[in-house]
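Let me begin by presenting the structure, written as structure tokens, before commenting on it.
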Amino acid sequence: MAEIETFYEVMRRQGITRRSFMKYCSLTASALGLGPAFVPKIAHAMETKPRTPVIWVNGLECTCCSESFIRGAHPLAKDVVLSMISLDYSHTLMAAAGHAAEAALEETIQKYKGNYILAVEGNPPLNEDGMFCIVGGKPFVEQLRHAAKDAKAIISWGACASYGCVQAAAPNPTRATPVHKVITDKPIIKVPGCPPIAEVMTGVITYMLTFDRLPELDRQGRPAMFYSQRIHDKCYRRPHFDAGQFVEQWDDEYARKGYCLYKMGCKGPTTYNACSTVRWNEGVSFPIQSGHGCIGCSEDGFWDQGGFYDRLTTIKQFGVEATADQMGFAAAGVVGAGIAAHVAASALKRAQKKTQDKEEV
Amino acid sequence: MTETRTNIHIPNPAAPTPLEAARLTGGARPEDIESLRLQAAVYVYEVPVRLWHWVNAAAITVLIVTGYLIASPPPTMEIAEATDQFVFGYVRFAHFAAGMVLTVAFFGRIYWAFVGNRHARQLFYVPFWRARWWKELIFEARWYAFLEREPKKYIGHNPLAHLAMFTFITLGMTFMIVTGFALYAEGAGQGSVYDRAFGWVLGLAGNSQRLHTLHHLGMWAITIFAIVHIYAAIREDIMSRQSMITTIISGWRTFKDDRVE
């Protein structure tokens, strides 16, 4: 891999001064939540390590992950794509197309066997031998298996690759399957969200390239630095939640006052993501800040958890669709009525027995 | 009572006539004294068991009320600025505190199953493989369905109650404690002691919203158990052949007749 330039060389070639380069290293360190002691480490890594080749494949998806990624501001997606990584194959970002593109894929796999990172956007549908998603004339699942075989690690971009997303919603007609259920022998980093936050995506890549290892993952395989807390834990409307001040209806007075959206079905309390801290579009805003509850798009199965606007979501079992409270009240009502009937029957039976006993005596 | 029935007591003819004062003041009729001779009592529930029952009942009441409110919060209150108002915070605090009390008490109860009398162990074990137990369970179910003329005598729980206690308290409460602490761990944060102990539950459920829903369904299961439990206790106290409500207060099980079975 000697022929690949280091990050530093690429940056210097692009006319970036050493001073700017060091600034960039400090910014990256703070973006990753690292102390000043890590700045020289990052600089050292950038100066000495070759750029890592990345293959970016797309399965069943909507390209919102790519759309989000190219809006990355810290670091700029341009820097990531052009300087930090060697993005050797990506449908949406590469200039080549058709046979040339597929040839680039093969070349990268052959050249950097066991050293490239496979970034997966979308997931493979497995029904009908994978015919619901064709890439380069073959089912996507074949391309995925082929590219994954020699990859160093896999990044599952977005809810599709991580969990299945809307195309996997019940009854999942195409059997859209998350990547970790198809590729089981490689380290996989899940970066869920629909899409994931741009800075989270570029941050994960920066971390991997700087330290040459996977970021610390939580139990579900997500980078702990971005997914270890709920939206709710860092929400700026949290004081209203604790106070018991909620928006009761859309566009009521409380909505104008910016009260908590808990009653409007906000999934902030059940969603692990960095939206309330990193925010979106260079930190401009995030759903709750703009007055709409979180829909929980970075959670497994968020598409099958009932309404986005209900606090208690519906449960669909045995053909019934109701919330836990509806079921509970109905069951308690039935049991209550049963007890009332049982009381009456017991009293009657008792009276009857007394009469009989009297007769017997 | 006729003498043809088998008597489990052997009356001591030399014993003095009881309740002289009550008899002489007219407070006790001869038949009362006859009934008194037949009364036998067994010490069933020791102090820690009774104490646990009432602490548990109080904790469950608080947990159900606050748990319902957490899922369906009270209307918005504007008593003060959000910084000075903590209404929902107190509701959640009461829920967490009661949950902690319930858990500690449950561990105490498990400890007592080891060192207490044999009735203290009944809650934690169902004689699943014993055919006779199932037969007796069916008998008790038939009594509740008005198909048996008279119930049997029991010292501890009757088989039907035994099964209900085991299902809803031993298994049900364990489920609520485990899911409850898994939800608490989310607030306590990753790496906290709660997360290390119960964080795996969230991974099992996949989605926190699903875990909330399961915990909420558990609340309804326990609510319905509580309704049936209270009804059955009152009904048994009136219609069965032994004491029920006083037993969980004093610990003594008394019987209304002296027949063997």
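The count begins at 1 with the first shown residue.
Placed from the backbone N, Cα and C atoms, the Cβ positions cover glycine too.
Within the set A:21-39, A:78-96, the record from TrEMBL flags A:21-39 under the feature transmembrane segment.
Together with A:CYS62, A:CYS65, A:CYS160, the [4Fe-4S] cluster 1 site in TrEMBL holds one more listed residue from A:CYS194, A:CYS235, which is A:CYS194.
If you look at the transmembrane segment (A:21-39), the same-chain residues 6 or more away from its ends with a CB under 8 A from one of its CBs are 8, 11-12, 46, 74-75, 199, 203, 206-207, 210, 225.
One way to see the shell of the [3Fe-4S] cluster site is to take the Cβ centroid of A:CYS275, A:CYS294, A:CYS297; the remaining same-chain residues with a Cβ within 8 Å of it are A:GLY193, A:ILE231, A:LYS267, A:GLY268, A:THR271, A:ASN273, A:PHE286, A:PRO287, A:ILE295, A:GLY296, A:SER298. Here the transmembrane segment (A:327-348) has long-range neighbours at 315, 320, meaning same-chain residues at least 6 beyond its ends whose C-beta is under 8 angstroms from one of its own. On a Cα basis, A:CYS294 ([3Fe-4S] cluster binding site) lies 5 Å away from A:CYS266 ([4Fe-4S] cluster 2 binding site). Spatially close to A:CYS297 ([3Fe-4S] cluster binding site) yet at least six residues away along the chain are A:ALA159, A:PRO192, A:GLY193, A:CYS194, A:THR271, judged by Cβ distances under 8 angstroms. In the structure as shown, the Cβ atom of A:HIS232 ([4Fe-4S] cluster 2 binding site) sits within 10 Å of 24 other Cβ atoms. Assigned with DSSP, the residues of the domain 'NADH:ubiquinone oxidoreductase-like 20kDa subunit' (A:62-207) fall into helix, strand and coil as follows: 64 helix, 29 strand, 53 coil. Most buried of the binding-site residues A:CYS235, A:CYS266, A:CYS275, judged by other Cβ atoms within 10 Å, is A:CYS266.
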